[in-house]
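J.: Take a look at this one; I'll ask things after.
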Amino acid sequence: MVFRKLPGVSASGMGLRLSQKFVFLIFLSGLVTLCFGALFFLPDSVRLKRIFLSKTETQPVTVGSGSGSENDAREHLKRPKEQDHPRAMTSTKGDTSTKLKSLSRKPAVSREATEERLAGGRAQEDLTLSRSKTESATVPDSDANWDTFSYDKFRRCLLKPPLGRDGGRPSDPKTTERRDKVKEMMKFAWDNYKRYAWGKNELRPLTRNGHIGNIGASIIDSLDTLYIMGLMDEYNDAKQWVQSSLDLNSNGEASLFEVNIRYVGGLLSAYYLTGEELFKTKAVELGEKLLPAFNTPTGIPRGVINLGSGTSWSWGWASAGSSILAEFGTLHLEFVHLTELSSNPIYTEKVMNIRKLLNKIEKPHGLYPNFLSPVSGNWVQHHVSIGGLGDSFYEYLIKSYLMSDKTDDDAKMMYYSALEAIEANLVQKSPGGLTYMAEWRGGILDHKMGHLACFSGGMIGIGADDGAPEKRQHYLDLAAEITHTCHESYTRSATKLGPEAFRFDSGAEATATRLSDRYYILRPEVIESYMYMWRLTHDPKYREWGWEAVEALEEHCRVESGFSGIRDVYTMTVSHDNMQQSFFLSETLKYLYLLFSDDDLLPLEDWVFNTEAHPLPIIRKNKHENPPAN
């Protein structure tokens, strides 16, 4: 008996005096309290903790600074299993859309999608993964009467009509012919998607069937592209599908990042371009379903969410359950517009909390590592990349400033401080004179640049005019140099298409030295920089480079029933990967179309493009109200 070991208890019985009983009860209650309280100090992943504690996490709390734990010896990001092709999905761009533009970008996307966009890995093979759930969270109550946005007022704040004169059609016959060719490519890709994969996320053009997933990624991603190209029958088919078939209550796991940039971004863009209330309603409804992912101790959202239940968790491959910079850093544009449309400040509050935390914590050499704990708010390891896992975070800083009508001084300060650190630590010049962005692992440079990082030419270009006066020309020159390097990665391949990653070591110059980096999955980032640099400089070489890409796509990626990525850009005997990515329709073809259009088609004075190339308007708060821009 336990009682026999207590002082004052006889061996022959339980004769306790009243005072002894009182002392014993105090001791026993203290012991129980201590054991239960210890549960709160268990690691976040401990199963026992979930049994006793509410599955709804607390709202954001103040987080102290610190660099967190790190492991500089190895990279924790794992590529998904290779299946029938040498591709794996990532960001943002993040080693990402997150441009994590390193997942192959997919919305309600699976791990492979996010890994590819984030990691610059292979294109995903399955948008719906098996998952391990963590905590569920509740969505804040929304007020159905918050609808105060006026579409007419918005249109009067535009400086120019969105579609320009005659739809932005150029006067030059040669450029017009090239633009018409891009439009034909879009119609061909769309028609085959509709014929063989309608409602699925993507088309498999070789087997003529749909990619797993019934949430129409290619439809949402194509809405604005079809509209600006004047493909109105196709646009109306897409709109009808959104109205009748888009299911926002799926219980499958989805990437927060991908759902935001593809679906929320695509619906927002379609609404602003057309005024169709359907798109606004769906965008706000979907935005509300993303809010539970932010219910963490820091307010840094977890990367995966079940849209039906609100359960959220971190990617299994992310180091120590961390969130990814390019994923949680690529929400600002869309969430600010969700507040604009709904008059609900919760969306802006969520993304401003992320920015507040990032401003508070220590940054090694001024750089932002790619992995952050949503529990502690500290960096998990010091891996920095302007490609996968990091990319679109930086893009959204300068674009937040531009989208605010240049009033978001905090975003401006963060962007130019980050750019200064990037120049000091990552920008390198090869022996052959090529400027590139290396990756940084705890102070050690990896002389590799991913295709995803090639968006940075355009990013640095659009931010050049708002930098310090003495650095504006420098930034424009830097943007041109990076874009030139990315063009070289195309011209040095047999197919004239660029590899997933290229290196600058052991004698290599802008070429892939590993078999696993030789694939091309219809990515847009190089063409994106061509488009921006054309608009900023009107140097005809950017249109010529764009046309080279069109010819290469037609020769090597066009198949009988759509477009497909290829496994090796260095061989003329191409092997196709059987995937027509949705971002090919949303980004690659849209940027080509804009490259061969007049600048008044979606003019940069009025629009910014999210990391999936969905145009969002600059928010002017009626400050420059003009006659309606028709």
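Placed from the backbone N, Cα and C atoms, the Cβ positions cover glycine too.
Whatever TrEMBL says is automated annotation, not expert-curated.
The structure displayed is predicted, hence computed values, not measured ones.
So TrEMBL says this about it:
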- 60-70: compositional bias 'Polar residues' (COMPBIAS)
- 60-140: region 'Disordered' (REGION)
- 71-87: compositional bias 'Basic and acidic residues' (COMPBIAS)
- 89-101: compositional bias 'Polar residues' (COMPBIAS)
- 112-125: compositional bias 'Basic and acidic residues' (COMPBIAS)
- 127-139: compositional bias 'Polar residues' (COMPBIAS)
- E258: active site, proton donor (ACT_SITE)
- D391: active site (ACT_SITE)
- C454-C486: disulfide bond (DISULFID)
- E500: active site, proton donor (ACT_SITE)
- E525: active site (ACT_SITE)
- T611: Ca(2+) binding site (BINDING)
J.: Do any of E258, E525, T611 (recorded positions) have a CA within 10 A of C454 (disulfide bond), and if so which?
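T.: Cα filter at 10 Å returns E525.
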J.: What residue among the recorded positions C454, C486, E525, T611 has the most other CB atoms lying within 10 A of its CB?
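T.: That would be T611, with the highest Cβ count within 10 Å.
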J.: CB neighbours of E258 (active site, proton donor) within 10 A?
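T.: For E258 (active site, proton donor), the count of other Cβ atoms within 10 Å is 36.
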J.: Check the Cα-Cα distances from D391 (active site) to the recorded positions E258, C486, E500, E525 and tell me which is shortest.
T.: E525
J.: Can you tell me the CA-to-CA distance separating E525 (active site) and C486 (disulfide bond), as a whole number of Å?
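T.: With distance taken Cα to Cα, C486 (disulfide bond) is 9 Å from E525 (active site).
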J.: Looking at the recorded positions listed here (E258, E500, T611), whose Cα lies nearest to that of C486 (disulfide bond)?
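T.: Going through E258, E500, T611 one by one, the closest to C486 (disulfide bond) is E500.
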J.: Taking the Cβ of each of the active-site residues and counting other Cβ atoms inside 10 Å, which one has the highest number: D391, E500?
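T.: Compared across D391, E500, the most Cβ atoms within 10 Å surround D391.
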J.: How long is the line from the C-alpha of T611 (Ca(2+) binding site) to the C-alpha of E258 (active site, proton donor), rounded to the nearest angstrom?
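T.: A Cα-Cα distance of 10 Å.
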J.: Pop the Cα-Cα gap between E500 (active site, proton donor) and E258 (active site, proton donor) into the table, whole Å please.
T.: 19
